[in-house]
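Notes for the one structure printed next.
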Amino acid sequence: MTRTPVNVTVTGAAGQIGYALLFRIASGHLLGPDVPVNLRLLEIPQGLKAAEGTAMELDDCAFPLLRGIEITDDANKAFDGANVALLVGARPRTKGMERGDLLSANGGIFKPQGKAINDNAADDIKVLVVGNPANTNALIAQAAAPDVPAERFTAMTRLDHNRAISQLAAKTGAAVSDIKKLTIWGNHSATQYPDIFHAEIAGKNAAELVDDEAWLADTFIPTVAKRGAAIIEARGASSAASAANAAIDHVHTWVNGTAAGDWTSMGIPSDGSYGVPEGIISSFPVTTENGTYEIVQGLDINEFSRARIDASVKELTEERDAVRELGLI
Ligand SMILES: NC(=O)C1=CN([C@@H]2O[C@H](COP(=O)(O)OP(=O)(O)OC[C@H]3O[C@@H](n4cnc5c(N)ncnc54)[C@H](O)[C@@H]3O)[C@@H](O)[C@H]2O)C=CC1
Ligand SMILES: O=C([O-])CC(=O)C(=O)O
């Protein structure tokens with residue numbers, strides 16, 4: 001049976017994450033090995049030529065699942081009929097830029113893109129925001145799309161999730177595949193909280209196995225939370241392949257489901273669970289099934305975790321208040 005191709009829109013397609021992402025979407029890693037895709041690439045005018053070059057290379061791969069590529073600088077065209085949207089293009093913080101300037105510059109990108117999604121995307125649209133500050137950019141886009149169910153707007157904390165699994169595997173000597181139920185709470189920023197208190201390593205509680213609160217507080221959490229900065233320091237450029245990989249993981253899990261006995265981390269609009277104010281886009285432990293997700297409920301949050309979740313959530317509410325004051329939501 002021939003399946004209808006899924007329309008996947010990628011913004012910032014000519015950037016470094018775009019370059020690491022598009023080939024994996026076209027080869028079937030985003031949605032599955034039997035799902036054909038149409039790619040829609042959105043760039044600013046200065047990025048169009050490079051996007052065309054990437055499209056030439058995509059053609060040269062002769063991917064059987066890739067049914068078409070469109071390149072545009074018009075958001076309404078890029079999101080027309082989109083089923084999946086990966087919002088990667090963003091305004092990076094430059095020297096001397098205050099946080100308000102950064103939020104306002106990104107508001108100028110994510111508000112019109114949210115509206116274009118609202119007006120043009122397919123009814124089943126799923127949005128992942130990668131461009132930083134990812135959680136608040138997702139909130140801006142979501143607020144500009146009142147006709148789209150809010151839960152379709154998500155922000156990427158899967159890279160943090162994967163980084164935390166890798167660090168925990170290195171500490172304990174466990175295989176990555178033996179680590180389950182790890183959680184990233186809060187913001188994709190240095191305040192994020194990677195939580196191993198409910199995580200399991202080959203079925204045993206990870207925090208009990210590690211049994212080293214000083215390592216948790218002084219090594220594990222800061223290493224995961226500041227990994228992005230460490231990559232920039234080492235590579236001279238920010239994470240690209242690992243960020244693209246996490247974007248693939250995020251959407252693949254959302255569409256195809258979490259494994260039994262495991263969960264993942266996604267930045268999603270809070271429903272008030274775990275005392276996180278309703279509406280802000282914060283990372284939670286979630287299970288996914290049939291293209292929908294649910295927050296894992298009933299976890300016991302100890303004092304160590306509570307203080308850290310609250311600190312990251314406070315930062316998110318401050319970012320929300322700042323974009324509200326700027327008239328962006
Ligand atoms: N959530 C996460 O875990 C991570 C997020 N990031 C963020 O992802 C974003 C992209 O990173 P890179 O690809 O390395 O940046 P990059 O600078 O290489 O590429 C960004 C691209 O976006 C384009 N762009 C800018 N404004 C646009 C607009 N309005 N519409 C369409 N395209 C637009 C630019 O022309 C450029 O080609 C950054 O904001 C970065 O901070 C990076 C790593 C991890
Ligand atoms: O700060 C950046 O652009 C990179 C980033 O988000 C990360 O690697 O986690």
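Every residue gets a Cβ built from N, Cα and C, even glycine.
Site annotation (TrEMBL): NAD(+) is bound by GLY12, ALA13, ALA14, GLY15, GLN16, ILE17, GLY18, ASN106, VAL130, GLY131, ASN132, and the candidate from GLN113, GLN142 recorded at this site is GLN113. Across the domain 'Lactate/malate dehydrogenase N-terminal' (7-146), the model assigns an average pLDDT of 96. Per Cα geometry, ASN132 is the residue among the recorded positions ARG93, ASN132, HIS188 nearest to GLY18 (NAD(+) binding site). Residues GLY12, ALA13, ALA14, GLY15, GLN16, ILE17, GLY18, ASN106, GLN113, VAL130, GLY131, ASN132 are the ones the record ties to NAD(+), and the longest Cα gap between any two of them is 20 Å. Of all the recorded positions given, namely ARG99, ARG163, HIS188, the one with the smallest number of surrounding CB atoms inside 10 A is ARG99. DSSP classifies GLY18 (NAD(+) binding site) as helix under the three-state reduction. Within 10 Å of ASN132 (substrate binding site), judged by CA to CA distance, lie the following recorded positions from the set ALA14, GLN113, HIS188: HIS188.
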